[in-house]
């Protein structure tokens, strides 16, 4: 107390130093409840994405009965539009003002109602033929835009739930677990409900002329109803997850960035070397897995002949992926993220080869699919776990440039959706050239060959290209740990200055 009466600046500074800065670690600790609530927010993107990825192509071809050429246009244009919206929304989010609820969470809440409505209308067959293509293209683009308004802020929220990298990594592990569970849930809801009302196939023109039109029409109506019921259930889950996220997570105010132009933001994030390499890795590996995801249902039903079992095969893959998450989390912490991405991506390659080389056997297909799910889990978990490291690396190298997290995450999501759009568009267009018959009980041999390429040869080639780029990815475990220590020192210095200022004001 006596030193407070001193008037010399140096003595006063010495007095201040007698008060040790309070410990701030507890401020950044996240409870298990906080992590779970944060993780639940990632489920809607995966549930809807899984349902669209696995089932939209077969729905447009066999239920909406669109020509494969028009279906490819819908899938490609919808995803291309979605990809364009990601950096746009990221730019808008980065310039959003701080509110009492945060900067990211208001985007999540406000986009949810219209997103679920547009999602439901994607799975509704309109009572007219003319304009049906416009119907699906419009609502598909609208949903993708609104989903972007949800997912980009949610992804960037990772950097605002805690300033501790360890806590963010832990929350990301929770999130990835819930997201994989979301893919299981999306596959189960969509697959099981739709599987109970599979539309009958078309045996041939002679059989249709013999009087099968009536039963085929009844079966098709049942499939339309099943898709609507499944989409309604998913919409309810979407809303519940958004509510849990909003009320269960507290967004901490971070650094704000100076307003910058759109193209200036693109130059900023893409000019960071590690980020550009990671994006390219993610682009090629995602494109490979998206090709597998988008065509596996058709491959099982058309090439392998498991028309009534494909939804259960997809569910086996997703269940295996869920069970493999703890293993990959351990592998990641034991051997490092870069090694884990490489091992995880390569682990699925043997099963991609095996599934197209073996003869049609349901039991073996289940076994191979379950084993392949281990690699699918790595594809979901590992690339996202590397992104916070790149953001930290950027902040270490550019300490005066802060508040750009939404831009980094938006471009990452952009390449994911770009890969999905390219894969779905190319796939459906390739099937059109091969002579795919909508709802046909059998397909031409060219279709079988095309599907084998789309679920095996092409994905393997793309994954290998991504791993070659990964070899040059510069952020090793040593560099990651060094960045973490440097950022923690910067935060401790900032906290100490803040506490000193508060103490001076009190005095």
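Backbone N, Cα and C define each Cβ position, glycine as well.
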Matching range for TrEMBL feature annotation, transmembrane segment, among 195-218, 363-386:
363-386
Using TrEMBL as the reference, determine which range in 82-103, 104-125, 170-191 is annotated transmembrane segment.
104-125
For which of the residue intervals 278-300, 485-507 does TrEMBL record transmembrane segment?
278-300
In the same chain, who gets a Cβ under 8 Å from the transmembrane segment (449-473) while lying at least 6 residues past its ends?
274, 277-278, 280-285, 287-289, 291-292, 294-296, 298-299, 302-303, 338, 341-342, 345-346, 348-349, 352-353, 355-356, 427, 430-431, 433-434
Interface-richest range of 104-125, 137-161, 226-249, 312-332, 363-386 toward the transmembrane segment (338-356), CB pairs under 8 Å:
363-386
Most Cβ pairs under 8 Å with the transmembrane segment (226-249), selected from 104-125, 137-161, 278-300, 312-332, 363-386:
104-125
Cβ pairs under 8 Å only, please: of the recorded stretches 104-125, 137-161, 312-332, 363-386, which one is richest in them relative to the transmembrane segment (278-300)?
363-386
